[in-house]
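To start, the structure under review is shown below, and the notes come after it.
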Amino acid sequence: MAHKLLSIEELKSTLDFGKKIFIGYSGGPDSSALLYFLSKICSEYNLDLSAIHINHNISKNSNDWEVHCKETCKDLNINFINESTNIIPSGGGTEASARNERYRIFEKYLDHNDQLLTAHHSDDVTETIFLRLLRGTGIDGLQGPHKKRNLGKGYVIRPFLNISKKDIMQYLELNKIKYIQDSSNIDNSFDRNFLRNEIFPVLNERWNDFSKRVFKTSQLIEERNTNFSNLLKNNYKDLVKNKINKDELMKLDTEIIKEVLRHAIKEEGISMPSSKVLEEVIKTFIHSNPTSKSIVSWSRADKEQLAGKITFEDGKILISTKE
């Protein structure tokens, strides 16, 4: 695994080699491994490959990292795109703001069916799931990030999700690939770093490859969610939409009502409301007599997904994006 990372068959099952491929390239170990791996097959399969580096101007080393990435792409004969931005922290903090800004920039380069590749791996999935657990996530939050999802006109694809950090580091060492070490990754004031640097090593010592087991569980949950979603569509197809007849909805048990609402919200590409907000929706629109002035809205500062709102009109519960 460490020598190849991925087989061509695995890559072809996820990527369309006939469309443009962009890599989110920070210069760190993960994206460096992905860049190098694709550069080796670029000419053989005639890939239209570009690397996008985003200089957030947060670290004093940001400009040095930009130079490193530019020179590496030149050496590998890969088209290099550089963007410079300044982060204004939002409610989710600097890290979330930087992430949202990255995806905003990535999206503008994607034309119809173009593909953006990021180097998220199985250890990243474990970190994400643990963070969500600590924040009190629902079932959806336990499935981890999707291997492929929409972004604007194109897609975000994560080909390394089945690969561990250990495999990536071995690949870098075997191929003598240079990469950047961001000193902020050892700052344990960040929750993700604390888990990665303090908690996971202890768990790995006790339970070898525990991250892979967590990842396997996340896949099983994703499979369950997909099956349940299909069940909802088949059984409640007249309700699972952005305009829901209240009288028909009230014939269902409260827990089923919540699932129908969650699914309808997800279908609209809107961020999922918290359990507390969903309880407010039930109270306002199901257990009360809503009017055209009734509204429940929500947003998620830590995600790039759209904020949402629920209103009422002509006997129907309306789901839409929040302006």
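Any Cβ shown, glycine's included, is placed from N, Cα and C.
Just so you know, TrEMBL annotations are computer predictions that nobody has curated.
Annotation source TrEMBL lists ATP binding site at Ser26, Gly27, Gly28, Pro29, Asp30, Ser31. Annotated domain 'tRNA(Ile)-lysidine/2-thiocytidine synthase N-terminal' per TrEMBL: 20-198, in sequence order. Annotation comment: TrEMBL describes 248-299 as domain 'tRNA(Ile)-lysidine synthase substrate-binding'.
Cβ neighbour count for Asp30 (ATP binding site) (all protein chains, 10 Å cutoff from its Cβ): 23. Excluding Ser26, Gly27, Gly28, Pro29, Asp30, Ser31, which define the ATP site, the same chain contributes Tyr25, Ser32, Ala33, Ala119, Tyr179, Ile180 within 8 Å (Cβ to the Cβ centroid), listed in sequence order. Other Cβ atoms within 10 Å of the Cβ of Ser26 (ATP binding site), summed over all protein chains shown, number 24. Cβ neighbour count for Gly27 (ATP binding site): 22 (other Cβ atoms within 10 Å of its Cβ, all protein chains included). It is Gly28, among the binding-site residues Gly28, Pro29, whose Cβ has the fewest other Cβ atoms within 10 Å in the structure shown. Taking a C-beta cut-off of under 8 Å and a sequence gap of six or more, Ser31 (ATP binding site) has these contacts in its own chain: Ile23, Gly24, Tyr25, Thr118, Ala119. In the three-state DSSP reading, Asp30 (ATP binding site) counts as helix.
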